[in-house]
Amino acid sequence: MWHLLVWIILLATAQQMITEGCPAGCQCNTPQTVFCLARKNSNFPRSVPPDTLNLYVFENGISSIEESSFIGLNGLHLLDLSHNQLSSLPGGVFRNLANLSNLDLTSNQLTEISADTFQGLSRLERLYLNGNRIRSIHPEAFKGIESLLELKLSNNQLVTPPAFSLPHLLLLDLSYNAIPVIQQGVFNAGNIESLRLAGLGLKEVPEELLSGLKNLHELDLSDNQLDKVPPGLHGLTKLNIAGNVGFSQIQVDDLSNLPALQELDLSGLSLQTLPKGLFRSSKRLRAVSLAQNPFNCVCSLGWLSEWMRVSGVVLLRPDETRCHFPPKNAGKTLRQLRDSEYGCPAPTTIQMPSTMPPSTTTGPPTTTKHLQTEAPTTASTTTTTIPHQEQEEDTQPFQFDFEDTLCPPQTCLNGGSCHLDPTGQLECECPPGFQGTYCETGPVTPAVVTEMYIEQVKIIEVTVSSIRVDLQSYSQNKEKLRAIRLTVRNLYGADRRPMIYKLPPTLPEYTVRALSSNSSYWVCLGSQGEGGPEEDLCTETHTLGEPPKHSPQVTQSQEGNLTLVLVPAVAAGILLSAAVAAAACYARRRKGKGHSVEDGGPLEMDGVKKGLDGKGEVKKLSEDPTGPEKTGAESEEPLMDSTRIGNNNDAPTGRLPHSYF
């Protein structure tokens with residue numbers, strides 16, 4: 001009876017293993033998380049374990065989903081369907097996912113959002129729809145998902161956005177749509193902290209448009225058509241107005257209401273100078289970007305270098321922050337420019353014209369030629385005398401031919417040609433393979449790493465056989481991120497081939513398993529966006545030295561996943577059957593030995609046991625005519641002759657071979 005109970009337990013365990021198996025082509029190495037990344041199957045994965053909380057179906061080529069796709073997944077918290085080919089979503093397709101809090105539909109082919117698309121998602125907090133072809137959104141599309149915290153709609157084809165009546169919304173991204181005018185009342189979400197309106201074609205941002213956003217901290221207005229800082233901005237910690245090429249002047253008062261400002265991006269504008277004291281009100285400023293502006297590096301801009309040295313503010317993209325004019329400074333970076341190169345006068349008294357207060361410096365009295373001047377118009381009646389020869393030399397530099405000296409050869413780098421554009425601005429025409437305002441960027445120039453954000457790969461946890469890597473801190477500041485590339489390589493082991501993982505950008509962390517203990521690994525993170533792969537950030541880490549106490553877990557299932565589950569179960573069943581059979585055999589033999597002691601068999605009655613040896617002769621096994629008579633226990637014979645138990649070659653070994661089970 002006891003072996004029957006064992007069989008029942010074994011079958012129940014096998015059934016549980018089958019039920020909780022990983023879908024074909026997916027990875028299930030993290031509890032309650034399924035990764036189906038770049039799977040070679042355009043159908044939605046089947047047999048997803050019902051206790052799954054996080055399901056990543058990233059870049060699978062899926063073109064359609066149905067409500068039945070999510071049957072049994074009521075506990076799902078995160079669903080990543082990004083980088084597929086979904087062109088439409090049936091109404092109520094997600095209604096059974098009442099516990100879903102994160103839905104990522106980035107980079108599909110969706111064209112519209114209906115009123116019931118997100119029906120039933122009352123707990124949804126993050127909805128990512130960026131990178132689609134959405135032209136219209138029903139006014140009631142977001143009704144019923146008032147718990148939403150983040151909504152991303154960038155890189156679509158929206159012309160008129162709906163009213164966002166989402167009381168808990170913290171982040172709204174509408175960047176790179178065709179919305180040249182935003183009507184008042186669109187932002188009915190008073191708790192928004194981060195608003196991204198880049199690349200919409202905005203010519204102005206009325207003060208009343210943002211007046212209701214009292215908690216606004218981050219504002220992105222880059223790549224629009226603005227010519228001034230929008231009025232009425234308060235409480236911002238991050239302001240980005242880069243890429244507004246019509247923006248040619250900035251005033252001190254433009255930043256006077258932003259004392260909490262920490263990051264400011266003024267790159268890609270048409271600024272030729274910055275007024276002294278521009279950042280006086282921004283006491284908390286940590287980083288500023290001034291790249292790709294046509295700066296006129298003369299005395300009026302000389303204060304900037306000194307301010308950067310003493311303030312400690314980081315200049316972002318320093319190699320792209322260069323002088324445009326005058327010719328002697330053209331192409332030089334502001335960071336390398338010396339104070340004396342701004343052309344400011346030396347701190348000594350210099351001679352001035354006669355209409356100004358008299359100078360205390362005069363020429364040598366023995367060689368001076370006096371010039372008669374008109375009486376000064378001021379109260380002073382002193383006539384200044386200066387050497388005529390020196391006057392001609394001092395004024396000569398200001399009498400150059402403007403057209404001949406505006407575009408000297410050294411202005412454009414790497415063989416670029418200089419000329420004036422229709423607006424009178426200096427412009428460089430770069431040779432093939434070079435780019436930038438001054439042709440300073442070559443074809444193999446590595447990407448400039450921002451000084452402020454020299455990131456390191458963050459390792460969350462290291463064990464004897466695994467490394468858990470933080471992905472969120474890497475991806476949070478990167479725009480248009482298509483995928484994260486994680487590379488892990490053993491530095492000193494026998495197998496130093498890199499292991500490369502392509503992961504979705506929404507994944508907060510990832511655990512690399514089945515690593516060698518007490519080994520050094522090189523861990524790198526890279527990103528793949530619209531601009532191609534970026535330079536990796538790497539770090540070295542070391543797994544712990546203690547050997548793992550448990551067998552490594554099978555992390556990936558292939559098409560034969562069911563077979564891999566059944567084989568161990570069948571093997572265990574065979575082993576159990578063998579054990580039961582051995583026990584039964586042993587019991588029968590014990591019983592047989594008892595009978596032989598009491599009665600004895602026919603051969604034993606005669607004192608002989610017939611058996612064939614190698615020569616076919618009959619041997620006596622139990623009786624020795626010359627020995628003393630044996631009775632009781634002394635007459636027992638062994639069940640097996642140890643001299644006849646051996647391997648497949650019949651060589652005597654004296655013991656049974658090991659079982660393969």
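Just so it is clear, glycine is given a Cβ too, placed from its N, Cα and C backbone atoms.
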Pick from Cys418, Cys439: the cysteine that Swiss-Prot pairs with Cys430 in a disulfide bond.
Cys439
Mind checking which of Cys407, Cys428 has the disulfide with Cys412 in Swiss-Prot?
Cys428
Overall pLDDT of the repeat 'LRR 2' (75-96), taken as the mean:
94
DSSP helix/strand/coil residue counts for the repeat 'LRR 2' (75-96):
0 helix, 3 strand, 19 coil
